[in-house]
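For reference, TrEMBL has these:
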type     : residues : note
TRANSMEM : 12-34    : transmembrane segment
TRANSMEM : 46-67    : transmembrane segment
TRANSMEM : 73-94    : transmembrane segment
TRANSMEM : 137-161  : transmembrane segment
TRANSMEM : 176-195  : transmembrane segment
TRANSMEM : 215-236  : transmembrane segment
TRANSMEM : 256-276  : transmembrane segment
Amino acid sequence: SPSAGLDLPGRFLFTILTLMTLIANLVFIEEAVYIYRKIPSSKRSIIIWINAAGPVIATTSCIGMWIPRSTMFTDFTAAAFFAIVIHKFLLMMIKECGGQKLLLRRFENARFKISTGPCCCCCLCLPRVRITRQTLFWLKLGTFQFAFLRPVFMFLSIVLWTNGNYTLYNLSPKGAATWISCFVGVLTLIALWPVGIMFQQVRTLLLCKKITPKFALYQFILILNHLQAAIINILAMQRIIPCAPPLSSSARGAYMTQQLLIMEMFLITLISRVVYRRKYDDLEPPEYTAEEAGDNKETP
């Protein structure tokens, strides 16, 4: 146990962070009970999955903090779980529009703007794409491939690690970690693109459903869980984060990542509870918006 080598402030920090993780999980369980009781069954599981991202990442970080040898397993588990959350977030936006059929009816004459981040935000010349059943299928496939392939690459990494062929901090061109990281990076970008395209299309329609703060929370989790961890790992590998015996630079970087994530995910869990746990106005049906809007303007 790492606590054996900790001084009093270190033990206090570990205790506070563990308590934060516990509170985040209790808040999530209470929120899940509320969602199960109050939200229609068609949206229930999707919203519970998305709300679980903060507590799950906090829990894996807490386990990694107390048991340093498990860091690779906990990091991979958190990443695989969030890959599924990315897919679920896209499905949630479709559900909030009333499902696929109603979404197609609402936007039957509209087109998707595909020049959005992270893949094509600079390619403003890209044509707009008609919103059809086929384009929705491709968007869903874009996020589903990551939800499916991320756990596959996680399993492959663990198999190679047990065989001694995978070292997390070995980024040489011949190392398996380099190639797996590159593949996962490309798959991540491909998965984030459909979510950005869909958000650009539905954000005005779903203002009453508070889709913008929900999207912001999802983006924060993504940045903190992937980009922040990558930056700290690079700093540790370059020895910018100094070693402090008995911890090496990479071990200290892992500790910093885990402790920051616990605090950040604790806050995100509390904010998610506020954003998701509220009454929403129902969307007007497409027939109303198309046919009756003119009549309402005429009648005082």
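The backbone N, Cα and C atoms fix where each Cβ goes, and this holds for glycine too.
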Chain residues in Cβ proximity to the transmembrane segment (256-276) (below 8 Å; excluding those fewer than six residues from its ends, i.e. six or more beyond): 13, 17, 20-21, 23-24, 27-28, 31, 35, 47, 50-51, 53-55, 57-58, 61-62, 64-65, 71, 210, 213-214, 217, 220-221, 224-225, 228-229, 232-233, 241
Folded-back contacts onto the transmembrane segment (137-161), same chain, C-beta under 8 angstroms, at least six residues removed: 72-73, 76-77, 79-80, 83-84, 86-87, 89-91, 167-168, 176-177, 180, 183-184, 187-188, 190-191, 193-195, 197-198
Tertiary contacts of the transmembrane segment (215-236), as residues 6+ beyond its ends and Cβ separation under 8 Å: 50, 53-54, 57, 75, 78-79, 82, 85-86, 89, 169, 188, 192, 195, 199, 203, 249-250, 252-254, 256-257, 260-261, 264-265, 268, 271-272, 275
